[in-house]
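The structure appears right after this line, and notes come after that.
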Amino acid sequence: MTTLQDCLARDAQDPLRGLRKLFKLPEGVIYLDGNSLGAMPVAAAARVVQAVTQEWGQGLIRSWNSAGWFELPQKLGNKIAPLIGAEAGEVVATDSTSINLYKVLSAALQIAGQDAPKRSKVVSERSNFPTDLYIAEALCRQRGYDLHLVDSDRIEAALADDTAVLMLTHVNYRTGAMLDMAHLTAQARAAGALTVWDLAHSAGAVPVHLHAAKADFAVGCGYKYLNGGPGAPAFVWVHPRHADRFWQPLAGWWGHAAPFEFTPDYRPAPGISRYLCGTQPILSMTALECGLDAFVAAEAVGGMQAVRAKSLALTDLFIALVEERCAGHGLGLATPREHGRRGSQVCLTRKHGAYAIVQALIARGVIGDFRAGASILRQAQDRPGSARTDDHDILRFGFTPLYTGFADVWNAVEQLRQVLAGSEWERPEFNQKHAVT
Ligand SMILES: *Cc1c(COP(=O)(O)O)cnc(C)c1O
């Protein structure tokens, strides 16, 4: 039996424990939803005020130069690069994940169209995040490609000489399952296909090695594990071998080689800067930089290797404690136990009541979230036996090693035990659905 004392002792020995004070969390809250919206860096509040009152209020338009506003997409991109195994100068922070995915998938289809015109399919995973599938569906319609969706254990088998692009999300948002990026990228290359990776649940959560994997394109999210604030700019990476080959489809003036020449014709900037479109949300960029600076601070205490080690320890502990203390309450585990296949979240399954249990936990200050399983079930009906846990709803808990400790895990599971043991979740107020789950 693991005790709260054991967990407090582990916190005292944790090399990352000093990073907790870089974040502001409300008193009495155990925040297990950093995979959806990361916590606020303490520095962000003052930094945004400074950007508003000084840089905007006093500097006015001069701040594009004097405060470095104009270079923020590249500057922030350089802080993201080491987290994802990319080099400086290869990443920009800009736009949303959805929009960046549109740009890179479009570029990938252009390259495939030139190098391999007979290839007609984009392969992805059926349980990929919906916006990724919607963007891909729209582009496929527009460009005359087929979007071929498969279960995660059928990805390799789906790669063939008609595959133009393999588009995947590295860590699955519903289950926390992590795909083998190096292996699948190698399989795609062997089949002659390009790869697009979505790192929304990976960047800042698990070490990523885009170059080592020989990936082609990647996008990711700024407001999840990077703690950039609601609607923070996302990021985009294109391998240097492709970056200059094509215009990206949203060829706005910020991606122009010399935007302030105001020429009527478009001349793309060299490298990743052409993946910018229009004027950037500077205030959001300043908040995102504070989130990224927490990873700069983490470098001094072990960096992403230490983050990963703690993430696995936290998720192992959560799984063990739930199985020890909440047994007999109908909970299952959707997240792989195998470390190599696990991201930084744990998803529990339950046939009924998952939404209400999450609501009851939130009322007790333990913030996780709920994801429905039913839509996947409907799609999976054409393949009997493929639904597995999909007829169960999901209770999702994200673990952010920068600000979550072992005692937090113990206390969260104790609250979950009490919610289940007292049937507290059956109360009507916990069974009313809100717009955002
Ligand atoms: C969170 C997430 C997104 C979010 O896209 P937005 O454009 O920021 O709304 C996209 N894809 C995946 C896989 C995600 O997890």
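Note: Cβ is positioned from N, Cα and C throughout, glycine not excepted.
Automated prediction, rather than curation, is the source of TrEMBL annotations.
Going through Tyr145, Tyr223 against TrEMBL, the one listed in the pyridoxal 5'-phosphate site together with Thr97, Ser98, Phe129, Pro130, Thr131, Asp132, Thr169, Asp198, His201, Trp253, Thr279 turns out to be Tyr223.
The secondary structure of Thr169 (pyridoxal 5'-phosphate binding site), as reduced to three states from DSSP, is extended strand. With respect to ligand 1, the binding-site residues Thr97, Phe129, Thr131, Thr169, Trp253 contribute Thr97, Phe129, Thr131, Thr169 as residues with a C-beta closer than 6 angstroms to one of its atoms, given in sequence order.
When the binding-site residues Phe129, Trp253 are compared by the number of other C-beta atoms lying within 10 angstroms of their own C-beta, Trp253 comes out lowest.
Ranking the binding-site residues Thr97, Phe129, Thr131, Thr169 by Cα distance from Lys224 (N6-(pyridoxal phosphate)lysine) puts Thr97 first. Annotation for the binding-site residues Thr97, Thr131: lowest Cβ count within 10 Å of the residue's own Cβ, Thr131.
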